[in-house]
Amino acid sequence: MRISIFGLGYVGAVCAGCLSARGHDVVGVDISSTKIDLINNGKSPIVEPGLEELLQKGISTGKLRGTTDFAEAIRATDLSMICVGTPSKKNGDLELDYIESVCREIGYVLRDKATRHTIVVRSTVLPGTVANVVIPILEDCSGKKAGVDFGVAVNPEFLRESTAIKDYDLPPMTVIGEFDKASGDVLQSLYEELDAPIIRKDIAVAEMIKYTCNVWHATKVTFANEIGNIAKAVGVDGREVMDVVCQDKALNLSQYYMRPGFAFGGSCLPKDVRALTYRASSLDVEAPLLNSLMRSNTSQVQNAFDMVASYDTRKVALLGLSFKAGTDDLRESPLVELAEMLIGKGFDLSIFDSNVEYARVHGANKDYIESKIPHVSSLLNSDFDQVINDSDVIILGNRDERFRALANKTPEGKRVIDLVGFMTNATSEDGRAEGICW
């Protein structure tokens, strides 16, 4: 394929070297004549192991060249990758001047280009940037229509400096955000020879995936550091702790706790978070991330309440009261907290949970109910159909399989709030079901 790459920094230079090495005809474009001279002489504009050899091969075989002439590069190619920087502004927002400038240059050339051209945003941009910035500029400057006259896609990169060549050749996945199927097809053809799954999504989803991955990596580093700091303060080697923690692939390093949804609860997690952060504080160990966990958890309960309150009705069914399906344990259940908030604000609440029957609650659960919701016996109803029929808003609170059907086929005249991810799609067909995170 004939490819032009705009921006020859870390991402652009690596892409130019790797794509030309795989037989594609690549034109590297940059406003810096110094970078272009380096490329055309087979020299790397950045320090990256193995890159200079790829660039030399590309130049010697005629598969790679560099230019400062934007228009010539666009006319000579079928696909353009935008790899320019998106640095931070002082307020933390992204500086999009470079992307906007490149899009204008591409758009002006597309106005007179007869063949279809595909524009791929490889730069890291916030969700909505392509839809609200890139496409409008391209359409305005070209006088053409995205998805009809030219293609648009997003292709987030997962390259790490110092291992970028290996990361390109052996990616964990290839993410394609496509404005239209034809654009996705063109981009997919570049990566089919790589041994990695190709995941095609909408553009905004692809934009968000990149940020989610990077923020998750930052979170893991911060988490490990805070655990290490606390461990050292109590005389433990934090490396030993994390080595063992990372051996658990069923829970610790898995999808199990990585599903967006409702707050955590139960007799362990809240208690243990509080205990560890208290100990850290008593030892004068700073743990900002860990200290934020309970606040964030409480905020998610508030989000669920706000969703209920947004509807013009007071009759609410809460399906599930225990913190998870298959147990009657109500200790620190976020659903109990939600029920308490609803009752306190005057909602007419009915609760169904087959595992929680007041007459059979003993010990800690009985004490917990009597201290948090003394009148819970009058709110619990073992008649599932009656609870549904007597409500206007139905909250799916835990993953009891009996609740699943309500997420995708909302009863007539009802609203459903899904806290657990039973909804098959982000929106229900009738528009009367809504997820807390989707």
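Cβ atoms are placed via backbone N, Cα and C, with glycine included.
For Cys268, the entry in Swiss-Prot reads active site. Other Cβ atoms within 10 Å of the Cβ of Cys268 (active site) number 12 in total over all chains.
What Swiss-Prot records for Tyr10, Val11, Asp30, Lys35, Thr86, Thr124, Lys271, Arg331 is NAD(+) binding site. Annotation for Lys271 (NAD(+) binding site): spatial neighbours Glu332, criterion Cβ-Cβ under 8 Å with sequence separation of six or more.
The GDP-alpha-D-mannuronate binding site annotation in Swiss-Prot covers Glu161, Lys210, Asn214, His217, Asn225, Tyr256, Tyr257, Arg259, Phe262, Gly265, Lys324. In the three-state DSSP scheme, Glu161 (GDP-alpha-D-mannuronate binding site) is classed as coil.
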Next on the checklist: Which one is it, among the binding-site residues Glu161, Asn214, Phe262, Lys324, that lies nearest to Asp30 (NAD(+) binding site) by Cα separation?
Outcome noted: Glu161
Item to check | Most Cβ neighbours inside 10 Å, all chains, among the binding-site residues Tyr10, Tyr257, Phe262 | outcome: Phe262
Checklist outcome for this item: Whole-number Å distance separating the Cα atoms of Arg331 (NAD(+) binding site) and Lys324 (GDP-alpha-D-mannuronate binding site) is 11
Checklist entry - Taking the residues the record says bind NAD(+) (Tyr10, Val11, Asp30, Lys35, Thr86, Thr124, Lys271, Arg331), how far apart in Å are the two Cα atoms that sit farthest from each other? => result 62
Checklist entry - Ranked by the number of other Cβ atoms within 10 Å of their own Cβ, which of the binding-site residues Asp30, Glu161 ranks first? => result Asp30
Item to check | Proximal residue to Cys268 (active site) among binding-site residues Val11, Thr124, Asn214, Asn225, Lys324 (C-alpha distance) | outcome: Lys324
Next on the checklist: Please give me the CB contact count at 10 A for Asn214 (GDP-alpha-D-mannuronate binding site), counting all chains in the structure.
Outcome noted: 13
